[in-house]
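Worksheet: one structure, shown below.
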């Protein structure tokens, strides 16, 4: 360096290896540099360094145990797997000794070799024995692969095996095998074998890996060893046992079909009873020949037939020797009993006064064949004493028949029995002749057998004496009827519900239909009770004459044989009626009145004229009443004035109690309830539904049903009349409103725009139109959707695939799923968009624009005109009327789209909707009045319970129709009346609870102090004119009036819920816009406190209020400390 006489040695930790250097370099990593070093010196082995400032070797870091460092290392290195070091400052690691291992780096010791593994010198892991070997359990530690033991033959050792495993059956292995090999087809092996063995002859192994060979089944053989499958014996040969090695010739007594196996005989089929085959080697059934007459082969597989013994006979093709009936006899080998034998003498008949045992009555024991082979007497039961004969059996003859002996008993036929009771049929004038022995046949006994007779027991009854019981009444007679299933033999079933099976030999076609019932087809076993259709309880019986020949007056009825194949005609109906349930008049241009009377239809033009006249008359009457009510001067007249004043009080009372909301709730309830029996096909007892049927006529508006009955015009015209007449009425009202406004517009001195007059005219009568729509929508929508409502009747016979035929409920002359019905549904689809969807869209489109006006309390012309839809609801629930309309449309109409056969699903859906809606009402409480909320929840809870009751009664009746008496065992109720009574009690209990809750809620609300109108006892309606935002502007000075102004706003909001009060701390956004805030307020309040009149902003508020002529309220501070005082002695600053 300049100015120095000699060089300076480098400091420790630095070095310089060049001459003439001006600076020393830092020492390198892995080295150290002593003072004056000319080059770095490496750290010694076993040490390391990553620093650049070491000045001595002692400053190098020693390698820690488990690590090593070579000379000049910059860092220590961990010992590799399989090595270790347990001392510090090492330059290398020690390999693990045999029998130990280390599978991690940087360790200070090796681990003992794991059990079941071996560890060689320097092992980095415990190694398993390879495939084909297993561990040596005698060694404490395994040090090499040579310590593993070789697996013996017949076993296998996968890698890491603890012991050798025996090969499974069907496999083998050699010594040192890692897996077993499956035996090939034709070979088998037991467990632990070193080789597979061939299957011997008579057995086979079809698949690989067979544990044992299977014996060939009967009818199949294997001739060689090692067979994969067996060979089937050919025609005329067989193999009778398992494991056969050769086929044998088919023996006599049967036949062996070609390739006939899977039989106990191994292909040999014995000849059936009654046939024989004397020759071997046959291959078809034709080899079996029938036994000739007089012989028998009672057992299968006979080579010849045995000759019938004397006293028996045999007829082809029976093949059995049957004993001759006494007194007939036959010789050996006979085919008929043609020998007469006199009967032995019988004991004399005791006197009638003594008990009789009637020994002759065993003449017809069980199992005696009569002349027809198909018919057989099973049991006989005779009541003695010349009174009656009881027969118990399943098959028999229609009258006395020829015995096999060729003799005929003496029978005096007296006709068929005409009634049955449980098990026995009785026949009059049965007598017993005791001339013969107990084994003799009976003479003089009247026998009446019924082919496939119904209602008899097959149990054996011993003979006994009995006087004949009195026949039961026809109404108590219950029996069976013959059914012919599509598959299987005919069978006797219990008489269907409500049917009469008392007639002899009743079949499905001759089933008795009692008066008051009807069925849709001769093949149907389902009877439908004829409904009253507006008449009294007996109207259905007068229309439906039925076909029952037992009991009652059937002079006007029809027998089943008179029923037409077309069940739309006069079958089962009284004269003058036809159609399903006989609800249509047979004469053209007539309709049903009072359930049992046909009346001639009026002319269509006259009916339409009446309809139009009624509509116009109602409109004129309403207009006249409205005009009279609007005449204020008439209220002082003598007669009409009293009526008008009374009307005023009634209107005031209605407003005071909020009648509109309550009437809408109740009307909505009735609009749903009255469709339970029609829309939902609910099966409720008629005595409970009578009042709803009567109410339905009053609430459901169906002018066409009054002036255009269903049979007088087609349903399409009726449907259009139902849907379009209310539209015409509403359009007429709106037109009247427009014409009135136009008239005023023409006479006004200053005419506004013509469009404004038209708009005002429409809005004037919009409330009336909305009321009409509210009343019409459920009933009209229900009528439209009933185009899909059909009443189904079963036409399929029992045990056959289920089939129904359906007719429209509104017009039974129209069959559903036909071209005529499709044309009606096409019209209905159009009307759905007009009424259900149209009215819902109209309500929604009217309510949406009202939201701003309602939320800001600034009524508009539209919000006033649509007040019928939102007046009774809280502002946040202003749209609830549209939701309620949607609910009623679904409950009264949309559910009809569910098919009739799934009508129970309609009740389930209605129950779910009512449940959700009731919960929504309880949670939301959308009405302004608490009593309306309580009434709505209570009414909808009652509706929910009624749907539940209807579901249970419908389910009860459906189960009862399917199986009489089963409903009580399933549901626990004895009748549907019990269900209705239970539900009525539950409804009453629910209403009582809600009334109690309503009273408690009303008392709780009454304790809240609010300002109310004296006339209505309700809070006043707080409205704002157009352009206004606040009801009150609270003007005050901040310094002395802040607290009092805040208290004023708080108290007003408590006393007048819904009031909007301007307060600077809450609403002021721009101090420069005070005049705008004054302009947007309805009333101005000046709070006079100290310094108020000296405030520039307060003076601005006063000046603006006076200029805009706003109503002003003065409130003076009373606290003297805040500049207050009394009004008599105001403070000087005021």
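Just so you know, glycine gets a Cβ as well, placed from its N, Cα and C.
Annotated range for transmembrane segment in TrEMBL, selecting from 904-927, 1024-1047, 1048-1071, 1072-1095: 904-927. Contact counts against the transmembrane segment (717-740), taken as Cβ pairs under 8 Å, peak for 607-629 among the stretches 607-629, 650-676, 827-848. Secondary structure of the domain 'Tyrosine-protein kinase ephrin type A/B receptor-like' (82-124) per DSSP, as helix, strand and coil residue counts: 0 helix, 11 strand, 32 coil.
Non-local neighbours of the domain 'Tyrosine-protein kinase ephrin type A/B receptor-like' (82-124) in the same chain are 45-47, 62-71, 135, 141-145, 147-148, 160, 162; each lies 6+ residues outside the stretch with a CB under 8 Å from one of its CB atoms. Same-chain neighbours of the transmembrane segment (827-848): 716, 719-720, 723, 727, 770, 773, 776-777, 780-781, 784-785, 787-788, 862, 866, 869-870, 878-879, 881-882, 885-886, 889, 893-894, counting only residues six or more beyond its ends whose CB sits under 8 Å from a CB of the stretch.
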